[in-house]
Structure formats: structure tokens, C-alpha cells
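The following features are taken from Swiss-Prot:
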| type | residues | note |
| --- | --- | --- |
| BINDING | HIS51, HIS150 | heme b b562 binding site |
| BINDING | HIS65, HIS164 | heme b b566 binding site |
| BINDING | HIS169 | ubiquinone binding site |
| TRANSMEM | 1-21 | transmembrane segment |
| TRANSMEM | 45-66 | transmembrane segment |
| TRANSMEM | 81-101 | transmembrane segment |
| TRANSMEM | 146-166 | transmembrane segment |
| TRANSMEM | 194-214 | transmembrane segment |
| TRANSMEM | 256-276 | transmembrane segment |
| TRANSMEM | 288-308 | transmembrane segment |
Amino acid sequence: FGSLLGICLATQIITGLLMAMHYTADTTLAFTSVAHTCRNVQFGWLIRNLHANGASMFFICIYLHIGRGLYYGSYLFKETWNTGVILLLTLMATAFVGYVLPWGQMSFWGATVITNLFSAIPYIGQTIVEWAWGGFSVDNPTLTRFFALHFLLPFIITGLTLVHLTFLHETGSNNPLGIPSECDKIPFHPYFSIKDILGFMAMLLPLMSLAMFSPNLLGDPENFTPANPLVTPLHIKPEWYFLFAYAILRSIPNKLGGVLALAASVLILFLIPFLHKSKQRTMTFRPLSQLMFWILVANLLILTWVGS
């Protein structure tokens, strides 16, 4: 899945650059500039749909990648694992600021709700929120800085990816038995290159089908309405890939408690290398650990479903 994530990143940067050429980061023009891209730019509709659904593929791949890492004990490469978790956090930040850019209803209210969470931080919270907003509400300054961040972060992700790979190359990669594989090393090309191409095909087919046939399947219809600070949507919810965390946030009545639980649901990944107590690295021959792992997966799926 690592190679797929690399392809996702490249695709997102290319489509994103093409979209940035036609986008205007201004509250009065953002929504119409996106509509203009879809209507009047050559293949603008395709570029936008690939960019929007490419984000979904990115998250599918990264969640599978993390799940695989948990299952096979890859977290024992501590540096690789920690840079990976930082990559996940950066990706989440990028997806969040990007979702705000079309300046539809859900963009605006999503930005309002999520940035507002920082006000739960004792003493300095309110100051941080107003500083992030650039005013007393989500407005033009917020949009322009979010565009700047959304442009910058993917390049930070690219840099972190190189760090991630550098650390991985220190140890070499893991395998399903969790045993040294020095004697099984084979040339990257043609073996791994062909294997990776199979993966790209398997990912590109659903992505293309999604972008061509039902590009709005995963989006929120509210976002077809231009942002209006005076009208709150009935159900404010993020894109599907954040629903598990959003469900955790909403299930706790206390604001600070919810924010801490939300943060913990992702940051817990940093602790995993310290929680490994088994003599075996992978879960291949550990049925009880497997049971716990699949309960975790089911739990996340249920949270995602409940969150919507």
C-alpha cells in the first residue's frame, strides 16, 4: 500500500496544481471559481472529481497501510512508524483545510465546528481560535490562509515521505512471518515494479469508476449550496474518512473531553510500539491478538457508520 500512497500523493499534487490555477481564494469568488473550473475548463470536471475522490482513495490506502502495519508488527521499526503517524496527521490536516476551499455550506460549517474545538483548550483556547480565524468568525482571512496551507502541506507530506522511506531503508521491510528476509532479497525491477503496477491498476479502476460514474457519491449535497453564515445545515458532518473520530467527539458530552478523545483516537498510534509484549512480531500465529485486531477494525467501521 505504500507504493499506492505514493501514487495517490503524486496524483493529488498534479490535479491540485491544475485546480489551483483556476481557483480564487476569496469568499465571494471561491464557490463560483470551482463551478467555473467544472464547467468551462478543459476536463476541469474530471480534474476536480479525481482530486475530490483521490482524497478518499488516499485515506482508504493509508488506513489499510496502518492496519497492515498493526497486524504484522511493523511498528517495531519505531522511527519508520512514528514518521508514518506524523504523515497521517499531516494528511488529515491537509484534507481538512482542502475541504473548506470550495466554500459550500458544509465547507464553511465544518471549518467553523472543527476550528472551534481549539477553544476547549483551557486559558489560551479562545485566543488560538481567533488567531486561526484571523477575526471573530470564519471569513475571508480564514479561507485565504487555508488555501495557503492546503498548497503547502502536500509538499511537506512529500518531504516526510522521503524521511519515512529513508528510515525504512535502514532496516529493510517486514514480512508476514516477522523473520529476517536477507536471503530472499530480489531485484526491485522487474519483480516489485510489476507487482506495484498491479496495485496501481487495482486502485485506478475504482478511482476512475468513481470519478466518472458517481463523483458525488461520497460528498455531501449541502456543499452544492454556497456558504451562508446565517443558515446552519441540519447535520454538520465531515467527509467519511473522519467520521470515526467525529463520532468519538460527539459521543462525549464535555467539550474538552471530546476533543481529547478525538485527539487520542489517532495519537494512540504513537504508543503502539511500547505496548508490544509478545515474543512473536506478527499476528500470523496469535489467534487472540487477531481477534482483538478484527474487533478494532469492526469498531472503527461501526463508528464510521454511526458518525454518519
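From the backbone N, Cα and C atoms, a Cβ is placed for every residue, glycine too.
Distribution of Swiss-Prot features across the structure.
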{"residue": "HIS51", "record": "heme b b562 binding site", "DSSP (3 states)": "helix"}
{"residue": "HIS65", "record": "heme b b566 binding site", "DSSP (3 states)": "helix"}
{"residue": "HIS150", "record": "heme b b562 binding site", "DSSP (3 states)": "helix"}
{"residue": "HIS164", "record": "heme b b566 binding site", "DSSP (3 states)": "helix"}
{"residue": "HIS169", "record": "ubiquinone binding site", "DSSP (3 states)": "helix"}
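Taking Cβ pairs closer than 8 Å, the transmembrane segment (1-21) reaches residues 37, 47-48, 50-51, 54-55, 57-58, 61-62, 64-65, 68, 150-151, 154-155, 157-158, 161, 196, 199-200, 203 in its own chain, all 6 or more past its ends. The two recorded residues, the residue listed as 'ubiquinone binding site' and HIS65 (heme b b566 binding site), have Cα atoms 17 Å apart.
Geometry remark: HIS65 (heme b b566 binding site) versus HIS51 (heme b b562 binding site), CA distance 21 Å. HIS150 (heme b b562 binding site) sits 21 Å from HIS164 (heme b b566 binding site), taking the C-alpha atoms as the reference points. Remark: the transmembrane segment (81-101) makes no contact with the transmembrane segment (288-308), by the rule of 3 or more CB pairs under 8 A. With a cut-off of 8 Å between Cβ atoms, the residues of this chain six or more beyond the transmembrane segment (146-166) that come close are 5-6, 9, 12-13, 16, 20, 23, 25, 80, 83-84, 86-87, 90-91, 93-94, 97-98, 100-101, 111. The Cβ of HIS164 (heme b b566 binding site) lies under 8 Å from the Cβ of THR80, THR83, GLY84, LEU87, each of these being in the same chain and 6 or more residues away along the sequence.
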